[in-house]
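According to TrEMBL, the protein has these features:
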ACT_SITE  A:CYS86  active site, nucleophile
ACT_SITE  A:HIS194  active site
ACT_SITE  A:GLU196  active site
Amino acid sequence: MKFAVIVFPGSNCDRDMYHAVTSSLGEEADLVWYEEANLSGYDAILLPGGFSYGDYLRSGAIASTSHVVTEIKQKADMGIPVLGVCNGFQILLEAGLLPGAMLRNKQLKFMCHQEKLVVENNQTRFSSAYTTKEAISLPIAHGEGNYYCDEGELAELEANNQIVFRYANNPNGSVADIAGIINQQGNVLGMMPHPERATEAVLGSSDGLKLFKSVVNHWREAYVAGV
Amino acid sequence: MKTVKVYITLKQGVLDPQGKAVQESLNKLGFPEVHGARVGRFLELQVDEHADIDRQIKEMCAKLLANPVIEDYQYTIEEGVAQ
(Lines of atoms letter the chains of each structure in order from A and count residues from 1; the text may use other names and numbers.)
(Lines give C-alpha, C1' and ligand atoms only; values in the text may rest on other atoms or scores of the structure.)
Protein backbone atom coordinates (compact mmCIF):
# COMPACT_ATOMS: atom_id res chain seq x y z
CA MET A 1 0.00 0.00 0.00
CA LYS A 2 1.32 3.42 -0.97
CA PHE A 3 0.72 6.53 1.15
CA ALA A 4 1.21 10.19 0.17
CA VAL A 5 2.30 12.47 3.02
CA ILE A 6 1.46 16.04 1.94
CA VAL A 7 4.04 18.63 2.99
CA PHE A 8 3.03 22.29 3.29
CA PRO A 9 5.29 25.18 4.23
CA GLY A 10 5.21 24.90 8.01
CA SER A 11 4.30 21.21 8.29
CA ASN A 12 6.41 19.65 11.03
CA CYS A 13 4.99 16.16 11.61
CA ASP A 14 5.49 15.05 8.02
CA ARG A 15 8.60 13.01 8.82
CA ASP A 16 6.96 11.43 11.85
CA MET A 17 4.10 10.37 9.59
CA TYR A 18 6.55 9.05 6.98
CA HIS A 19 8.43 7.10 9.66
CA ALA A 20 5.22 5.63 11.07
CA VAL A 21 4.19 4.32 7.65
CA THR A 22 7.52 3.14 6.31
CA SER A 23 9.24 1.92 9.47
CA SER A 24 6.57 1.05 12.05
CA LEU A 25 3.93 -0.13 9.56
CA GLY A 26 6.26 -1.39 6.83
CA GLU A 27 4.38 0.13 3.89
CA GLU A 28 5.45 2.57 1.16
CA ALA A 29 5.19 6.35 1.51
CA ASP A 30 6.33 9.48 -0.29
CA LEU A 31 6.69 12.98 1.08
CA VAL A 32 4.79 15.06 -1.48
CA TRP A 33 5.45 18.80 -1.64
CA TYR A 34 2.10 20.60 -1.86
CA GLU A 35 2.90 22.25 -5.19
CA GLU A 36 3.50 18.90 -6.89
CA ALA A 37 -0.17 18.09 -6.88
CA ASN A 38 -0.11 14.76 -8.63
CA LEU A 39 -1.71 12.26 -6.31
CA SER A 40 -2.41 9.53 -8.83
CA GLY A 41 -0.98 6.19 -7.82
CA TYR A 42 -1.48 6.68 -4.09
CA ASP A 43 -3.79 4.45 -2.07
CA ALA A 44 -4.13 6.85 0.87
CA ILE A 45 -3.43 10.51 1.62
CA LEU A 46 -2.03 11.74 4.93
CA LEU A 47 -2.19 15.38 6.02
CA PRO A 48 0.36 15.79 8.80
CA GLY A 49 0.45 18.15 11.75
CA GLY A 50 2.37 21.38 12.03
CA PHE A 51 1.71 25.04 11.44
CA SER A 52 1.03 25.38 7.72
CA TYR A 53 1.53 29.00 6.67
CA GLY A 54 2.34 29.88 10.26
CA ASP A 55 -1.33 29.44 11.26
CA TYR A 56 -1.94 32.86 9.63
CA LEU A 57 -5.59 33.99 9.50
CA ARG A 58 -6.86 30.73 11.05
CA SER A 59 -5.13 27.37 11.48
CA GLY A 60 -5.28 25.51 8.18
CA ALA A 61 -7.15 28.30 6.37
CA ILE A 62 -4.48 29.23 3.83
CA ALA A 63 -3.43 25.63 3.14
CA SER A 64 -7.08 24.71 2.52
CA THR A 65 -7.12 27.02 -0.52
CA SER A 66 -4.12 25.35 -2.20
CA HIS A 67 -4.44 23.35 -5.39
CA VAL A 68 -3.43 20.11 -3.71
CA VAL A 69 -6.48 20.33 -1.46
CA THR A 70 -8.71 20.57 -4.54
CA GLU A 71 -7.08 17.38 -5.75
CA ILE A 72 -7.50 15.76 -2.33
CA LYS A 73 -11.24 16.58 -2.52
CA GLN A 74 -11.45 14.78 -5.85
CA LYS A 75 -9.60 11.76 -4.44
CA ALA A 76 -11.85 11.75 -1.38
CA ASP A 77 -14.92 11.76 -3.65
CA MET A 78 -13.48 8.68 -5.36
CA GLY A 79 -13.26 6.91 -2.00
CA ILE A 80 -9.50 7.20 -1.38
CA PRO A 81 -8.86 7.28 2.39
CA VAL A 82 -7.69 10.64 3.73
CA LEU A 83 -6.33 11.09 7.26
CA GLY A 84 -5.71 14.55 8.70
CA VAL A 85 -3.91 14.80 12.03
CA CYS A 86 -3.77 18.00 14.10
CA ASN A 87 -3.07 20.75 11.55
CA GLY A 88 -4.17 18.20 8.93
CA PHE A 89 -7.54 17.98 10.71
CA GLN A 90 -7.75 21.78 10.79
CA ILE A 91 -7.10 21.85 7.03
CA LEU A 92 -9.87 19.27 6.42
CA LEU A 93 -12.30 21.41 8.45
CA GLU A 94 -11.33 24.60 6.63
CA ALA A 95 -11.66 22.82 3.29
CA GLY A 96 -15.15 21.63 4.20
CA LEU A 97 -14.22 17.94 3.94
CA LEU A 98 -15.36 17.54 7.53
CA PRO A 99 -17.98 19.57 9.43
CA GLY A 100 -17.21 22.03 12.24
CA ALA A 101 -14.34 24.34 13.11
CA MET A 102 -11.51 24.72 15.62
CA LEU A 103 -11.37 27.32 18.37
CA ARG A 104 -8.49 28.10 20.69
CA ASN A 105 -8.09 25.72 23.60
CA LYS A 106 -10.37 26.66 26.48
CA GLN A 107 -7.43 27.45 28.79
CA LEU A 108 -5.63 29.37 25.99
CA LYS A 109 -2.62 27.11 26.45
CA PHE A 110 -0.67 25.12 23.92
CA MET A 111 -0.84 21.60 25.31
CA CYS A 112 1.66 18.85 24.62
CA HIS A 113 1.22 15.60 26.55
CA GLN A 114 -0.23 12.07 26.43
CA GLU A 115 -4.01 12.04 26.51
CA LYS A 116 -6.40 9.16 27.16
CA LEU A 117 -8.94 8.52 24.43
CA VAL A 118 -11.89 6.20 23.97
CA VAL A 119 -12.51 4.50 20.62
CA GLU A 120 -16.18 5.32 20.05
CA ASN A 121 -16.62 3.72 16.67
CA ASN A 122 -14.50 0.78 15.56
CA GLN A 123 -16.62 0.17 12.46
CA THR A 124 -14.50 2.41 10.26
CA ARG A 125 -11.58 1.69 7.97
CA PHE A 126 -9.38 3.71 10.32
CA SER A 127 -10.40 2.04 13.57
CA SER A 128 -11.33 -1.58 12.86
CA ALA A 129 -8.23 -2.97 14.62
CA TYR A 130 -9.42 -1.44 17.90
CA THR A 131 -12.20 -2.85 20.04
CA THR A 132 -15.21 -0.67 20.69
CA LYS A 133 -14.79 1.55 23.77
CA GLU A 134 -11.08 0.60 23.84
CA ALA A 135 -9.10 2.99 26.02
CA ILE A 136 -5.96 4.21 24.28
CA SER A 137 -3.30 6.81 24.92
CA LEU A 138 -2.01 9.18 22.23
CA PRO A 139 -0.03 12.42 22.42
CA ILE A 140 -1.70 15.74 21.75
CA ALA A 141 0.18 18.89 20.75
CA HIS A 142 -2.02 21.85 19.87
CA GLY A 143 -3.17 25.32 20.81
CA GLU A 144 -6.32 25.29 18.69
CA GLY A 145 -7.94 21.92 19.17
CA ASN A 146 -11.19 23.03 20.76
CA TYR A 147 -13.59 21.42 18.30
CA TYR A 148 -16.80 23.33 17.71
CA CYS A 149 -19.98 22.58 15.81
CA ASP A 150 -23.56 23.66 16.40
CA GLU A 151 -26.18 21.44 18.04
CA GLY A 152 -27.73 20.34 14.76
CA GLU A 153 -24.37 19.29 13.39
CA LEU A 154 -23.51 17.47 16.61
CA ALA A 155 -26.81 15.57 16.50
CA GLU A 156 -25.97 14.53 12.96
CA LEU A 157 -22.46 13.40 13.93
CA GLU A 158 -23.90 11.34 16.78
CA ALA A 159 -26.72 9.87 14.68
CA ASN A 160 -24.33 8.75 11.94
CA ASN A 161 -21.67 7.40 14.33
CA GLN A 162 -19.18 9.90 12.91
CA ILE A 163 -17.43 10.45 16.24
CA VAL A 164 -14.54 7.96 16.14
CA PHE A 165 -12.45 9.14 19.11
CA ARG A 166 -13.42 11.00 22.28
CA TYR A 167 -11.22 12.38 25.04
CA ALA A 168 -11.59 10.56 28.36
CA ASN A 169 -10.67 13.83 30.16
CA ASN A 170 -11.48 16.65 27.76
CA PRO A 171 -8.30 18.78 27.74
CA ASN A 172 -9.33 21.63 25.45
CA GLY A 173 -13.07 22.28 25.68
CA SER A 174 -14.11 20.36 22.56
CA VAL A 175 -17.83 19.89 22.04
CA ALA A 176 -18.94 16.42 23.26
CA ASP A 177 -15.29 15.51 24.08
CA ILE A 178 -14.64 15.08 20.37
CA ALA A 179 -11.07 14.13 19.46
CA GLY A 180 -11.67 12.71 15.99
CA ILE A 181 -14.50 12.53 13.45
CA ILE A 182 -15.10 10.83 10.13
CA ASN A 183 -17.13 11.93 7.12
CA GLN A 184 -20.43 10.24 6.24
CA GLN A 185 -18.82 8.25 3.41
CA GLY A 186 -16.35 6.83 5.93
CA ASN A 187 -13.13 7.64 4.09
CA VAL A 188 -12.02 10.99 5.56
CA LEU A 189 -10.89 11.04 9.20
CA GLY A 190 -9.68 14.08 11.11
CA MET A 191 -8.24 13.93 14.61
CA MET A 192 -6.24 16.21 16.90
CA PRO A 193 -4.21 13.52 18.75
CA HIS A 194 -1.15 12.14 16.97
CA PRO A 195 -1.32 8.41 16.15
CA GLU A 196 1.91 8.72 14.14
CA ARG A 197 3.79 9.69 17.31
CA ALA A 198 2.62 6.53 19.05
CA THR A 199 3.58 3.63 16.82
CA GLU A 200 6.40 2.04 18.84
CA ALA A 201 6.75 1.24 22.54
CA VAL A 202 9.95 3.28 22.66
CA LEU A 203 7.86 6.39 21.88
CA GLY A 204 5.81 5.89 25.02
CA SER A 205 2.82 4.29 23.32
CA SER A 206 2.16 2.09 20.32
CA ASP A 207 -1.60 2.65 20.46
CA GLY A 208 -1.53 4.67 17.23
CA LEU A 209 -0.24 1.79 15.12
CA LYS A 210 -3.63 0.04 15.07
CA LEU A 211 -5.07 3.02 13.22
CA PHE A 212 -2.60 2.59 10.36
CA LYS A 213 -3.03 -1.19 10.46
CA SER A 214 -6.79 -0.74 10.13
CA VAL A 215 -6.25 1.29 6.95
CA VAL A 216 -3.95 -1.37 5.48
CA ASN A 217 -6.29 -4.23 6.45
CA HIS A 218 -9.24 -2.52 4.80
CA TRP A 219 -7.24 -1.85 1.65
CA ARG A 220 -6.00 -5.46 1.43
CA GLU A 221 -9.49 -6.87 1.90
CA ALA A 222 -10.85 -4.53 -0.77
CA TYR A 223 -8.13 -4.68 -3.41
CA VAL A 224 -5.77 -7.60 -2.92
CA ALA A 225 -7.09 -10.90 -4.25
CA GLY A 226 -6.77 -13.98 -2.10
CA VAL A 227 -6.46 -12.18 1.22
CA MET B 1 -8.99 52.15 -5.77
CA LYS B 2 -11.17 51.49 -2.75
CA THR B 3 -10.27 50.63 0.80
CA VAL B 4 -12.36 47.81 2.21
CA LYS B 5 -12.37 47.38 5.97
CA VAL B 6 -13.44 43.90 7.05
CA TYR B 7 -14.41 43.15 10.64
CA ILE B 8 -14.56 39.48 11.60
CA THR B 9 -16.14 38.48 14.90
CA LEU B 10 -17.02 35.21 16.59
CA LYS B 11 -20.69 34.34 16.25
CA GLN B 12 -23.04 34.81 19.15
CA GLY B 13 -23.04 31.66 21.24
CA VAL B 14 -19.50 30.64 20.30
CA LEU B 15 -17.33 30.72 23.41
CA ASP B 16 -14.40 33.11 23.18
CA PRO B 17 -11.73 32.07 25.72
CA GLN B 18 -9.46 34.86 24.48
CA GLY B 19 -12.16 37.47 25.08
CA LYS B 20 -12.78 36.06 28.53
CA ALA B 21 -9.07 36.36 29.40
CA VAL B 22 -9.08 39.98 28.16
CA GLN B 23 -12.16 40.77 30.25
CA GLU B 24 -10.62 39.23 33.38
CA SER B 25 -7.38 41.16 32.85
CA LEU B 26 -9.29 44.43 32.47
CA ASN B 27 -11.20 43.65 35.67
CA LYS B 28 -7.89 43.03 37.48
CA LEU B 29 -6.50 46.32 36.13
CA GLY B 30 -9.27 48.18 37.92
CA PHE B 31 -12.04 48.20 35.35
CA PRO B 32 -14.81 46.26 37.11
CA GLU B 33 -17.32 47.84 34.76
CA VAL B 34 -16.21 45.49 31.94
CA HIS B 35 -18.60 42.54 31.86
CA GLY B 36 -17.67 41.03 28.55
CA ALA B 37 -15.08 41.11 25.78
CA ARG B 38 -15.01 39.48 22.38
CA VAL B 39 -11.83 39.39 20.32
CA GLY B 40 -12.14 39.65 16.56
CA ARG B 41 -10.01 40.34 13.53
CA PHE B 42 -9.67 43.44 11.37
CA LEU B 43 -8.46 43.47 7.78
CA GLU B 44 -7.88 46.37 5.44
CA LEU B 45 -7.92 45.53 1.75
CA GLN B 46 -6.98 47.75 -1.18
CA VAL B 47 -9.26 46.73 -4.01
CA ASP B 48 -9.72 47.89 -7.60
CA GLU B 49 -12.86 49.87 -8.39
CA HIS B 50 -15.44 47.40 -9.55
CA ALA B 51 -19.18 47.56 -10.07
CA ASP B 52 -19.53 44.19 -8.39
CA ILE B 53 -17.33 44.93 -5.39
CA ASP B 54 -19.99 43.90 -2.83
CA ARG B 55 -20.35 40.47 -4.35
CA GLN B 56 -16.56 40.12 -4.56
CA ILE B 57 -16.02 41.01 -0.91
CA LYS B 58 -18.73 38.60 0.21
CA GLU B 59 -17.11 35.86 -1.85
CA MET B 60 -13.69 36.64 -0.34
CA CYS B 61 -15.16 36.43 3.14
CA ALA B 62 -16.95 33.17 2.42
CA LYS B 63 -13.96 31.54 0.74
CA LEU B 64 -11.14 32.62 3.01
CA LEU B 65 -11.39 35.61 5.32
CA ALA B 66 -14.10 34.32 7.66
CA ASN B 67 -15.06 30.81 8.69
CA PRO B 68 -18.88 30.73 8.47
CA VAL B 69 -19.08 27.93 11.06
CA ILE B 70 -17.82 30.17 13.87
CA GLU B 71 -17.51 33.71 12.51
CA ASP B 72 -19.60 36.60 11.22
CA TYR B 73 -18.28 39.49 9.19
CA GLN B 74 -19.11 43.09 8.36
CA TYR B 75 -17.34 45.44 6.02
CA THR B 76 -17.24 49.03 4.88
CA ILE B 77 -16.07 50.36 1.52
CA GLU B 78 -14.28 53.68 1.51
CA GLU B 79 -12.96 55.90 -1.25
CA GLY B 80 -9.22 55.92 -1.91
CA VAL B 81 -6.36 54.14 -0.20
CA ALA B 82 -5.88 54.55 3.53
CA GLN B 83 -2.52 56.08 4.44
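The backbone N, Cα and C atoms fix where each Cβ goes, and this holds for glycine too.
The shown structure was predicted, so the numbers you read here are calculated from the model rather than taken from an experiment.
A:HIS194 (active site) sits 7 Å from the residue listed as 'active site, nucleophile', counting Cα to Cα. Taking Cβ-Cβ distances under 8 Å and a sequence gap of 6 or more within the same chain, the neighbours of A:GLU196 (active site) are A:CYS13, A:ASP16, A:MET17, A:HIS19, A:ALA20, A:VAL21, A:PRO48, A:VAL85, A:GLY208, A:PHE212. Annotation note: A:HIS194 (active site) sits in a coil segment as assigned by DSSP. Same-chain residues at least 6 positions away in sequence with a Cβ under 8 Å from that of A:CYS86 (active site, nucleophile) are, in sequence order, A:CYS13, A:PRO48, A:GLY49, A:GLY50, A:ALA141, A:HIS142, A:GLY145, A:MET191, A:MET192, A:PRO193, A:HIS194. For A:HIS194 (active site), the number of other Cβ atoms no farther than 10 Å from its own Cβ, over all displayed protein chains, is 25.
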